[in-house]
Amino acid sequence: MRRSQFLAAFFLLAFGALTPPMTATAQLRPDYYAGVCPNLEGIVRDAVRQSVAHSPLAAPATLRLFFHDCAVRGCDASVMLINPDGDDEWRSLDGMTLKPEGFNTVMGAKAAVDSDPRCRNRVSCADILALAARDAVFLSGGPDYQVELGRYDGRASTGGSVMIPHGTFDLDQLNAFFSGLGLSQTDMIALSGGHTIGAASCGFFGYRMGADAGMDPAFAEQLRGRCPGGAAGFAFLDAATPLRFDNEYYRNLRAGKGLLGSDQVLYADPRSRGAVDRYADDEGAFFADFAAAMARLGRVGVRTAADGEIRRDCRFPN
């Protein structure tokens with residue numbers, strides 16, 4: 001059995017339990033908090049706006065935090081939990097790539113929500129994270145899409161539960177992972193467009209410089225200048241417009257300027273190349289598919305009152 005086929009079977013087994021039951025997804029709706037916290041979306045957006053203005057890392061870090069949360073244990077804000085023994089998601093090997101600016105953005109939004117007496121301890125951290133991710137995208141120039149609400153927060157977080165795509169994944173491995181979340185190849189390619197903002201450490205792509213025939217030679221030389229000390233430096237995932245959420249990521253792939261191997265493979269593999277070309281040529285199509293994919297991602301592993309809670313502090317179970 002090919003390694004990619006083995007991983008496909010593994011991910012389907014590992015993540016099959018994250019497919020939400022009908023009762024969980026049925027509770028999700030945009031107006032879930034209308035009766036208890038009518039100004040919720042405005043409060044969160046104002047808080048995220050302050051975070052984005054304070055740090056250019058806030059937007060990509062918040063978006064990445066949402067993906068990590070949903071992809072590991074479902075969209076239950078388990079990624080925010082701090083365990084006394086250190087065995088939690090954000091201190092796992094993969095979780096250590098999460099930036100404090102993402103956590104700070106969500107914690108700031110939570111504090112702002114709780115400052116309204118009507119809202120205090122009525123809105124889940126999972127929903128605040130989902131809204132903050134949407135607002136991070138919008139405030140960076142991306143689509144302003146509707147967010148379904150009604151998630152409850154999980155009570156557990158373990159480092160051993162963290163399995164996320166790596167920068168070396170090929171298309172089969174990427175599809176296997178996202179299929180395990182109930183997402184399609186189209187969803188995966190659209191969500192990969194989130195790499196239009198953010199950066200990666202040299203250790204995640206250094207092996208490609210000068211060794212990957214699919215990388216533009218001038219781009220490889222530029223990266224060598226960014227990584228003179230091996231794994232110590234970093235580079236933007238989209239060097240052209242690193243702080244703007246746009247379709248430049250896909251244009252970069254077409255030019256051989258994808259930073260991660262798992263980025264460039266989307267254009268190198270003919271099975272996904274057509275979608276990359278479509279998004280590179282039509283930003284509106286990318287925005288529409290990204291918004292739809294974020295909605296589907298936001299339904300993964302949703303918890304209800306029966307198996308979740310609304311945390312008073314996003315960092316600790318009640």
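Residue 1 is the first one shown; counting continues down the chain.
Glycine too: its Cβ is placed from the backbone N, Cα and C atoms.
According to TrEMBL, the cysteine that forms a disulfide bond with CYS119, out of CYS37, CYS70, CYS75, CYS125, is CYS37. Neighbouring residues of the recorded Ca(2+) 2 site, listed in sequence order and excluding THR196, ASP238, THR241, ASP246, comprise ILE197, ALA240, PRO242, ARG244, PHE245, ASN247, GLU248, TYR249 (Cβ within 8 Å of the Cβ centroid). Under DSSP, CYS75 (disulfide bond) is assigned to coil, being neither helix nor strand in the three-state scheme. Sequence-distant neighbours of CYS227 (disulfide bond) (same chain, 6+ residues apart, CB-CB distance under 8 A): CYS202, GLY206, MET209, GLY233, ALA235. Listed in sequence order, GLY141, GLY142, THR196, GLU283 are the same-chain residues six or more apart from ASP246 (Ca(2+) 2 binding site) with CB atoms under 8 A from its CB.
Note: the Cα of VAL72 (Ca(2+) 1 binding site) and the Cα of CYS314 (disulfide bond) are spaced 17 Å from each other. Taken together, the residues of the domain 'Plant heme peroxidase family profile' (27-318) have an average pLDDT of 93. If you compare Cα positions, SER78 (Ca(2+) 1 binding site) sits closest to CYS314 out of the recorded positions CYS37, ASP238, THR241, CYS314.
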